[in-house]
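Asker: The following block contains the structure, expressed as structure tokens.
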């Protein structure tokens, strides 16, 4: 395949141009930006300042929020491009924003998997949870950032084909670098296995194990409410994973084969290309769903939000009363 984004399969099936994708991306990112920025900023503030460091998965939640904010902060540039269809900035900024999209996706996948796995293991082996150190989670998080950050580098590199420093194209309009088919297929298989199949199997197993544990008698100091909390947490992780990341990774296999003209059937080519923008938009929705995850997962998180909301309301009422008394 050449350095443009059009394969022979796309040309033969007259599916080289998808005008609806610009308005779809712009609308989705506008919908996500303000709520996502406010929710994740508030979540990060509460998680860092008020949640007990003994709370299970707190480190993973903080890192998940950071990953979401990294993507959210790049959304205004994406919105500008999809509305104007013109990129007036440097090539490096385009590729950085493109990179942050996939960094957010795969960092979120691994941190959700860690939250689910840790909650399940601590439920089944509560004595291990008591001896677990916070620095272990910090170390695991650092490894995830290094591995995911390195593994996501091919995304902007492979889309850097023919992109001059003064180009006005970015994001969905970026070209593809020519690659050997064997190398590309190998990369896709590794990405699908490590970035989707293994995490989804892990989360599914955690959900099943946690559900089964409810049928067994509680262990020592562990009550039924603790088990229900764990199940709720694991279910929320699974829900975010299925809604946001499963559609993209299922379609990604077909999308790659269409781009390499391995798939040439026009109905399949068109449906794959048409669904691709929707799957990417669903992946970005994790920035809105993750703060809901924190709310339902940590009772301290809910308490702190309630207390902060009450204090803000009281301060506003007091300022109004003082203002009215001065007038009177």
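Glycine is no exception: its Cβ is also placed from the backbone N, Cα and C atoms.
Fair warning: this is a prediction, and the values are worked out from it, not measured in the lab.
Got these off Swiss-Prot a minute ago, pasting:
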DISULFID  94-170  disulfide bond
CARBOHYD  4  N-linked glycosylation site
CARBOHYD  14  N-linked glycosylation site
TOPO_DOM  1-27  topological domain 'Extracellular'
TOPO_DOM  49-56  topological domain 'Cytoplasmic'
TOPO_DOM  78-91  topological domain 'Extracellular'
TOPO_DOM  113-137  topological domain 'Cytoplasmic'
TOPO_DOM  159-182  topological domain 'Extracellular'
TOPO_DOM  204-233  topological domain 'Cytoplasmic'
TOPO_DOM  255-277  topological domain 'Extracellular'
TOPO_DOM  299-328  topological domain 'Cytoplasmic'
TRANSMEM  28-48  transmembrane segment
TRANSMEM  57-77  transmembrane segment
TRANSMEM  92-112  transmembrane segment
TRANSMEM  138-158  transmembrane segment
TRANSMEM  183-203  transmembrane segment
TRANSMEM  234-254  transmembrane segment
TRANSMEM  278-298  transmembrane segment
Asker: Have the transmembrane segment (138-158) and the transmembrane segment (57-77) got at least three CB pairs under 8 Å, pairs 6 or more apart in sequence?
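Answerer: Output yes: the transmembrane segment (138-158) sits against the transmembrane segment (57-77).
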Asker: Between the Cα atoms of residue 14 (N-linked glycosylation site) and residue 170 (disulfide bond), what distance do you get, rounded to the nearest Å?
Answerer: 22
Asker: Near residue 94 (disulfide bond), how many other Cβ atoms are within 10 Å of its Cβ?
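Answerer: Around residue 94 (disulfide bond), other Cβ atoms within 10 Å: 24.
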Asker: Return the residues near residue 170 (disulfide bond) by Cβ distance under 8 Å, restricted to its own chain and a separation of at least 6 in sequence.
Answerer: 81, 87, 94, 97, 98
Asker: Can you tell me whether DSSP puts residue 94 (disulfide bond) in helix, strand or coil?
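Answerer: Reduced to three states, the DSSP call for residue 94 (disulfide bond) is helix.
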Asker: So, do the transmembrane segment (234-254) and the transmembrane segment (92-112) meet, by the test of 3 or more Cβ pairs under 8 Å (sequence gap 6 or more)?
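Answerer: The answer is yes, given that the two segments have at least 3 Cβ pairs within the 8 Å cut-off.
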Asker: Counting across all protein chains present, how many other Cβ atoms fall within 10 Å of the Cβ of residue 14 (N-linked glycosylation site)?
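Answerer: I count 10 other Cβ atoms within 10 Å of it.
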Asker: Sort out for me which stretch, of 57-77, 92-112, 183-203, has the most Cβ pairs below 8 angstroms to the transmembrane segment (278-298).
Answerer: 57-77
Asker: According to DSSP, how is the topological domain 'Extracellular' (255-277) divided among helix, strand and coil residues?
Answerer: 17 helix, 0 strand, 6 coil
Asker: Would you mind giving the whole-number mean pLDDT across the topological domain 'Extracellular' (159-182)?
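Answerer: The predicted confidence over the topological domain 'Extracellular' (159-182), as a mean pLDDT, is 73.
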Asker: Given a Cβ distance threshold of under 8 angstroms, which distant residues of the chain, six or more beyond its ends, lie next to the topological domain 'Extracellular' (78-91)?
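Answerer: Residues 22-23, 25-26, 29-30, 33, 97, 160, 163-165, 167-172.
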Asker: Residues of the same chain, at least six outside the topological domain 'Extracellular' (255-277), with any C-beta under 8 angstroms of its C-beta?
Answerer: 1, 5, 7-10, 12-13, 15, 18, 20-21, 24-25, 172, 176, 181, 184-185, 188, 247
